[in-house]
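Written below as structure tokens is the structure these notes are about.
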Amino acid sequence: MNMRSVLDISAYLIVGPENTKGRPVPEIVRSAVENGFTCVQLRSKTASAREMLRLCAQTADLLTSLGKSDEVALLVDDRLDIVLAAREAGIKVDGVHVGQKDIPASVCRKLLGPEAVIGLSARADALIDYVTHCDTKDMDYFGAGPLHATPSKPEAGRTPDGRMVTRSLDELTQLHRVSPLPVVVGGGVKAADLPALKACGVEGFFVISAIAGADDPAAAAHRMTSLWRRCPSHSKIKSKG
Ligand SMILES: Cc1ncc(COP(=O)(O)OP(=O)(O)O)c(N)n1
Ligand SMILES: Cc1ncsc1CCOP(=O)(O)O
Ligand SMILES: [Mg+2]
């Protein structure tokens with residue numbers, strides 16, 4: 001199954017060992033996926049390579065046991081080396097999410113091949129101009145944000161001169177209009193944000209703490225995915241040539 005052709009970024013969980021309040025990462029992933037999450041990214045700024053590989057193996061096994069390995073993409077943040085090593089070990093990891101300072105998407109595409117999923121964080125400055133003119137041939141979606149400042153990533157939205165820039169709903173609506181790729185928005189996103197976010201037309205939301213930090217991750221996941229499904233979306237207006 002080519003995961004790129006069925007990629008669904010509508011409800012996107014990002015999680016690593018530092019986000020779970022001591023609970024096992026696969027336990028959080030299970031709660032999310034059993035309750036409608038459609039994409040999972042393993043992200044850790046502290047875990048060793050071996051720990052990340054173990055997490056990849058556990059999460060891939062979990063998705064298989066849930067019958068979701070051909071539906072729910074399993075991605076790794078930043079670490080192209082982990083994706084390559086996981087593949088070498090026969091672990092089904094579908095791709096990588098890279099940021100502006102990470103290994104370029106073109107290099108990821110070259111090393112991972114045509115079937116891998118590759119996500120890219122859109123630039124924080126001059127966002128609309130960047131997305132309009134960016135060469136998107138190697139990427140599958142844009143990550144954008146933050147919607148709000150967030151303790152999960154305090155530097156998100158911080159400009160070089162120290163200001164905090166969050167994304168307005170108008171900007172996200174415009175982003176959706178100009179983007180040649182699907183857009184997933186995160187950064188401080190909570191259930192209460194979802195109706196307004198969906199109305200912008202963006203294809204999905206990403207969260208860490210709303211699920212991984214919740215007292216009841218399964219209930220939180222159910223609330224978010226059902227809300228997202230229920231809310232009306234703004235459809236893209238295509239200009240006729
Ligand atoms: C879906 C998604 N969007 C944005 C990010 C942020 O990526 P990046 O800018 O590389 O920052 P880190 O996550 O590496 O701190 C993401 N991980 N996922
Ligand atoms: C990885 C990332 N990139 C921009 S904000 C963010 C963290 C989002 O975490 P939370 O959903 O807890 O605010
Ligand atoms: Mg990164």
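Any Cβ shown, glycine's included, is placed from N, Cα and C.
Annotation source TrEMBL lists 4-amino-2-methyl-5-(diphosphooxymethyl)pyrimidine binding site at Gln41, Leu42, Arg43, Ser44, Lys45, Asp77, Ser121, Lys153. DSSP assigns Asp77 (4-amino-2-methyl-5-(diphosphooxymethyl)pyrimidine binding site) to a strand. Counting Cβ atoms from all protein chains shown, Asp77 (4-amino-2-methyl-5-(diphosphooxymethyl)pyrimidine binding site) has 22 others lying within 10 Å of its own Cβ.
As annotated by TrEMBL, Mg(2+) binding site applies to Asp78, Asp102. Sequence-distant neighbours of Asp102 (Mg(2+) binding site) (same chain, 6+ apart, CB under 8 A from its CB) are Asp78.
Annotation comment: TrEMBL describes 12-211 as domain 'Thiamine phosphate synthase/TenI'.
Listed in sequence order, the binding-site residues among Leu42, Ser44, Lys45, Asp78 whose CB lies under 6 angstroms from an atom of ligand 1 come out as Asp78. Checking the binding-site residues Ser44, Ser121, Lys153 against ligand 2, the ones with a C-beta less than 6 Å from an atom of that molecule are Lys153. Proximity to ligand 3 (Cβ under 6 Å from any of its atoms) holds for these binding-site residues out of Arg43, Asp102, Lys153: Asp102.
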